[in-house]
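Pulled from Swiss-Prot:
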| type | residues | note |
| --- | --- | --- |
| MOTIF | 4-24 | motif 'BH4' |
| REGION | 29-71 | region 'Disordered' |
| MOD_RES | Ser49 | phosphoserine |
| MOD_RES | Ser62 | phosphoserine |
| MOTIF | 86-100 | motif 'BH3' |
| MOTIF | 129-148 | motif 'BH1' |
| MOTIF | 180-195 | motif 'BH2' |
| TRANSMEM | 210-226 | transmembrane segment |
Amino acid sequence: MSQSNRELVVDFLSYKLSQKGYSWSQFTDVEENRTEAPEGTESEAETPSAINGNPSWHLADSPAVNGATGHSSSLDAREVIPMAAVKQALREAGDEFELRYRRAFSDLTSQLHITPGTAYQSFEQVLNELFRDGVNWGRIVAFFSFGGALCVESVDKEMQVLVSRIATWMATYLNDHLEPWIQENGGWDTFVELYGNNAAAESRKGQERFNRWFLTGMTLAGVVLLGSLFSRK
């Protein structure tokens, strides 16, 4: 399960980087070949556990880690959906989400003013705000889109070392905090049924689905305001 979620994260981030003309492999090599951090580039605020992909989240721990408890039927059902279909649905939903909220995302990433020493703290606090009122599919799409935007912003600002770290943070958060909800709500196969075949774009004229996206956008607006506060610190 953990490996599957990691695969989804890497595919989505690779896709977002490729849209800007970047290659995933060139940035993962940066982290793998990095044996020692230059003096002064790491902040005490970013703990070793965060760097190694085992962050200590401030959200309350879920009673079912990785969705392994009491969800065997959901896990079995998920295997019916090809991983490629989940990846494609995530890509399409992410594109549609960013199309609708392009300005908000641009404001958010530019206002965070991330550095290698503060990136993890900003990442964590934005997600705490994003999922403060609970989890839904729209917010999960926003989660992926935020991670992609953060990776692109990192590369644009010549902080390539953050790309693989962001992927690890996302996979860890997905496993520990989102996977239980995903399995309780039909697994990724349900996501594909709802958002596959470019359904997010096709549903733009449908009021019910539009309202779901709109509520996600309202949540994102709160994240943008939070980002503005971070920029002053």
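Every residue gets a Cβ built from N, Cα and C, even glycine.
With helix defined as DSSP H, G or I and strand as E or B, the motif 'BH1' (129-148) counts 14 helix, 0 strand, 6 coil. Counting residues of the motif 'BH3' (86-100) by DSSP class, helix then strand then coil, yields 15 helix, 0 strand, 0 coil.
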